[in-house]
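Read the structure below first, then the notes.
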């Protein structure tokens, strides 16, 4: 390779050094926020024996071959530290947080990079609303923004889509989705329709002036959240949006191992229907649930998007040392 060819290679970072200095200060401020509240910082593996069953997540995988092993072992880069952190909760860690790199084999663009930084924390004895208040405190401190406003999923869906997401027929959802450009079939999965309408219509109308929490997602979208004891049609799950970005996703955490197994198995059934490979269940995580995790709430927050908002950046790679195109 000649020296001339090297001069044509763009080796420079995607973020300016000035931006990286500001990023470092924000990361330190986040850590201080939790230190002041007595929350323990933890580190958990980036590689896991298990993938995830969620049909909306795709992992990066690699093969680990020990010098003494007869065959390679498949390992997956984590999409979230959730399962490992809940194992720490089961072991008695009390309140914990983590700043770590996570990996999703998906799109890359203005708001997405396949490798990004996640802030995740868990608060024993917090209900969903108390945790939302703590997220609000963090956002006001980092972004100097107005306090969060909160609405139920049902309310914002009815307001902007014009249908009740908890009672609308599949035919009504299909008709509305088609009007907004979704080429769906009559038997399209109900949650796929809800998620399309929410992302296409609702998200564009919320969180523009101040951070907005949407809570009580349909129970079919509970993921790892508990079902509401007051209304079994909805889950104790929330998401936070601000200025066109989904910032955080939180749960009043499910702590019933049998119910979690049922949900994982339903995920795998859906994966088969979508011609996706089913995934083995994370037995270590399920064993920890059976051993018992405390009643708690937890949330995952996209740090790069938070920094985008803090620094008025237009592209996620502007706040990363090296985006995927220059990794």
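Glycine residues also receive a Cβ, built from the backbone N, Cα and C atoms like all the rest.
Here is what Swiss-Prot records for this protein:
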BINDING   80, 81, 82, 122, 253  substrate binding site
BINDING   104, 105, 106, 113, 246, 247, 302  ATP binding site
Cα-nearest neighbour of residue 246 (ATP binding site) within the listed binding-site residues, 80, 81, 82, 122: 80
Those binding-site residues listed as 82, 106, 246, 253, and which of them has the most Cβ atoms within 10 Å of its own Cβ: 253
Among 81, 302, the most crowded of the binding-site residues [Cβ within 10 Å]: 81
Cα-nearest neighbour of residue 82 (substrate binding site) within the listed binding-site residues, 106, 113, 247, 302: 302
Residue among the binding-site residues 80, 105, 113 whose Cβ has the most other Cβ atoms within 10 Å: 113
Inter-residue Cα distance where the pair is residue 81 (substrate binding site) and residue 113 (ATP binding site), in Å: 17
Top Cα neighbour of residue 122 (substrate binding site) in the set of binding-site residues 104, 105, 106, 247: 247
Max pairwise CA distance, angstrom, over record-listed ATP binders 104, 105, 106, 113, 246, 247, 302: 19
Cβ within 8 Å of the mean position of the Cβ atoms of 80, 81, 82, 122, 253: remaining residues of the chain near substrate: 83, 84, 85, 86, 120, 224, 298, 300
